[in-house]
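Written out below as structure tokens is the structure these notes cover.
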Amino acid sequence: MEPQRSPLLEVKGNIELKRPLVKVASRLPLPGSRRKRGPDQMEDALEPEKKRTRGLGTTTKIATSRPRAPVLTTVPPTQGQTAAPKVPKKTGPRCSTAVATVLKNQKPGPAVPAQKPGTAAAPPMVGGKKPGKRPAWDLKGQLCDLNAELKCCRERTQMLAQENQQLRDQLREAQQQATALGAERRVLEEELVRVRTQAEQGQQELGNLSARVLELEERLGTQEGLVQELQKEQLGLQEERRGLAARLEEQERRLQGSEAALLGSQAEVASLQQKTAAQEALLAERDERLHGLEMERRRLHNQLQELKGNIRVFCRVRPVLPGESTPPPGFLLFPPGPGGPSDPPTRLSLSRSDERRGTLSGAPAPTTRHDFSFDRVFPPGSGQDEVFEEISMLVQSALDGYPVCIFAYGQTGSGKTFTMEGGPGGDTQMEGLIPRALRHLFSVAQELSGQGWTYSFVASYVEIYNETVRDLLATGTRKGQAGECEIRRAGPGSEELTVTNARYVPVSCEKEVEALLHLAHQNRAVARTAQNERSSRSHSVFQLQISGEHTGRGLQCGAPLSLVDLAGSERLDPGLALGPGERERLRETQAINSSLSTLGLVIMALSNKESHVPYRNSKLTYLLQNSLGGSAKMLMFVNISPLEENVSESLNSLRFASKVNQCVIGTAQANRK
């Protein structure tokens, strides 16, 4: 039996056998679209072309009315063919284009020799026979033939269009039938897949049940053996049960005795709980009292610091270094304190010979003595621990919430950096104020943690070189990028000042502080001057932001501790560097002296309670604005050299410090919330 052929395949076969012709838009002039020419006019139009053809004796090309129309060419006469002339220009564009198209599609045939002007065109063949090719000049006859052929083509096209429509209808029906059969096929396939899946699941379930039956049979045999063993064990347990019953009676008797003892213990626990509650109340009372004492200690401590003065000035004289000349006797004198030799000195006497008042006889010039009085004077033999012991109570004020600022002022080589940072080598006895202050703060914060206080410390270290702020803690590619650091407010409406793009490092131990100091020491700007081989040419500012919180009482306090190592305060001539860098040293000295003068003006304005304080005249005073006002405590170390050759710069430093010592700033206020 032959397989039934799909209707879709049949339709496709019919389409392949009968392909419709492509319709081409005709460009021939429609009847009545243009005025027809008469035979006489056409003859007159062709007359010049005929004469030209006779004169040349070769193939003639006649230009059409439009340049884009296809060009009709003929084969040369050597091949036995004659060329047909082109359509005259006066024929319409549609007619000329259509003629060219039809002539192009026709197969090439033997050329008909050109007729004479008076010869008439050959009539078409009668009886359906194919007429011969008309002469080239008989355009009217060719046009009639083309119209007849066009009519036949249109009839054939109409017939093919009808047949194509019928085939399209058959194709549409076949496609609909194929779509329905495809949907039915997909439903049957899904049903087949579902049935196969169910069959596979049934087979799998049957295999599982068979395995389960075998397993249950094995377990049944095992259980039967176990039942026998359990029966034997049951007999033994019954014997054991009788023994346990006897022990249970004994335990019940002991339990009754334990319950009686428990009642006594509960009474004792209740008594202990009462005692514990009383102790807790006493502890809370003592904690409250301890907190009150701590607040009272802070108040008294602050009052004591205020009695000493919110602006204090200490003078420190460095010892004579190896290789330096020893000053003459009486050059520097340290009179005893007000309480006698046991009190630390507070006065300094410096002698200076006035060479301008010398006599012509060569007699020695008279000596002028200058006396200065400060809050404390440290002779050359004073150690670092003695210096820090005097300022430790001021550092404690920073932990209590009061802004504290400590300066080191003096000429180059007078020991400012040694006082603030300490000497090299890692000797604990040579440590400066910065590491000792941090160690003291960490120790006191640890003690206060037992009272419920928690403290955090964030350190920053910058230098101000030629009125440009640099980050001394910068690492890697950020080193030396001074233009990126600017002094800005921490936020809208905030009084706290920060340095943009500077590192703020949280610290919690001494090792971290040592690493920061070592990094800052490497990055600080130094240069060789006449007074010092390695002179600091910038102001270094170490700031520690202290934040404390007592969560139990909802108390908060915070204040900055600023430790500033000022650049050398010498005048221009002695401090000039040697060599080609004199102009750079001169510019540095001018910037240093300008900022130090601004610092003095700010302190004077604060002391005089002026309405305008020129903080912004210098980057140094602007950065330390919150540590210089009425709510801050200041301490200035004026460091001087013991050498007689530096007496002029020493006098300038002592006079500036004396002016600062005479200033009085209002009562400090703690930053508490």
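The backbone N, Cα and C atoms fix where each Cβ goes, glycine too.
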Per TrEMBL, the range holding region 'Disordered', considering 107-134, 163-190, 219-246:
107-134
Six or more residues out from either end of the compositional bias 'Pro residues' (325-344), which same-chain residues have a Cβ under 8 Å from its Cβ atoms?
317, 350-351, 376-377, 379, 642-645, 647
For the domain 'Kinesin motor' (310-663), what's the model's average pLDDT?
84
Quiz question: given the binding-site residues G410, G413, G415, which has the greatest number of C-beta atoms lying within 10 angstroms of its own C-beta?
G410
Cβ atoms near K416 (ATP binding site) (within 10 Å, other residues, all chains):
28
So how many of the residues in the compositional bias 'Pro residues' (325-344) end up helix, strand or coil by DSSP?
0 helix, 4 strand, 16 coil
Intrachain C-beta neighbours of S414 (ATP binding site), sequence separation six or more, cut-off 8 angstroms:
R318, N639, I640, S641, N646, S650, S653
